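Trainee: After the structure tokens below, expect a handful of questions from me.
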Amino acid sequence: MQNTEILVLPSSSMVNTTQDPFYFILMGIPGFEAYHIWISIPFCCLYTISIMGNTAILTVIRTEPSLVQPMYLFLSTLALTDLGLTLSTLPTVMQLLWFNIQKISFEGCFAQLFFLHAFSFMESSVLLVMSFDRYVAICHPLHYATILTNSVVGRMGLAILCRCVLAVLPSLFLLKRLPFCHSHLLSHSYCLHQDMIRLVCADIRVNNWYAFAVVLLIIVMDPLLIMLSYTLILKSILGTASWTERLRALNNCLSHMLAVLVLYVPMVGVSMTHRFAKHVPPIVHVIMANIYLLAPPVMNPIIYSVKTKQIRQGIFRLLFQRKMH
């Protein structure tokens, strides 16, 4: 690590009362610092795919009158969430890889932590709501329009926003009140709560219990409710008369099921490595965290563009119109 600085604060002092500028030190790819410029190329490509793909989906849904339906409103919310997740990490990752800028201010780190975790939880919440949408569409098709009205969809969106903000803010305040008197060297090129909490030199039992509650209420409960939705969907599908109808219903759910796997498999992986594999090489933590944050924003536009006919046709129409002009 080049030009690594370590600050040590007295254990009795709080970071927000110190007169010296307080900052954290971000880490790139451990052991490959000399190749950061080359490593930046695939990162740049992935960020570009994410931004362009999610922007294309938002543009198609906004410009196609036939896509003003709850399913596509939820999909546009997912695309907005993926954009937020991408833009939360892009500045620090790319400036570290391009310019070797490792310092991030105390306030900047906490702001990034808030947006990163809020958008991550929002992604989980949106996927949960989308599974409910698929359940209603397949199991109660005649009542779909009366159950998922515009006002209901709006309230669900507001509930998602409040849920994610209220899940992240308390952990932010609980962490901010604690002194950081160990090395301020973080393990990633962005600020994660589980990475920052290990630098605290005070009693963190309250933080740990709150984090455990959030994990249960979001990271555990959401997948279980999604599984329940798909169990009911599968039960309903198996009760239909023909194989054609069964395959059509499963195909309508396939893109959402893939999006669920793309989010939760890396999320569980990064949580497990931080909790139970603390002595593995640092590069393992870095790779897992990057997959967790980059896979959903990059893969979701590809999945929905390939598997959703209306989105695919809208993107082709958008590209064709631009070429004509």
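A Cβ is built for glycine as well, from the same backbone N, Cα and C atoms used for every other residue.
Annotation source TrEMBL lists domain 'G-protein coupled receptors family 1 profile' at 53-304. Under the heading transmembrane segment, TrEMBL lists 37-61, 73-98, 110-132, 152-175, 209-233, 254-277, 283-303.
Describe the structural context of each listed feature in the structure shown, including burial, neighbouring residues and relevant distances.
Mentor: Long-range Cβ contacts of the transmembrane segment (37-61) within its own chain (Cβ-Cβ under 8 Å, at least 6 residues beyond either end) map to 28-29, 67, 72-73, 75-76, 79-80, 82-83, 86-87, 90, 93-94, 97-98, 294, 297-298, 300-302, 304-305, 311, 314-315, 317-318.
Tertiary proximity for the transmembrane segment (152-175) is limited to same-chain residues at least six positions away from its ends with a CB under 8 Å from its CB atoms, namely 70, 73-74, 77, 110, 113-114, 117-119, 121-122, 125-126, 129, 193, 196-197, 200, 206-207, 210-211, 214, 217-218.
Within its own chain, the transmembrane segment (254-277) has Cβ neighbours under 8 Å at 78, 120, 123-124, 127, 130-131, 134, 194-195, 215, 219, 223, 226, 230, 284-285, 288-289, 291-292, 295-296, 299-300, 303-304, 306-308, counting only residues six or more beyond its boundaries.
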Trainee: With the transmembrane segment (283-303) as the reference, find which of 73-98, 110-132, 209-233 contributes the most Cβ pairs under 8 Å.
Mentor: 73-98
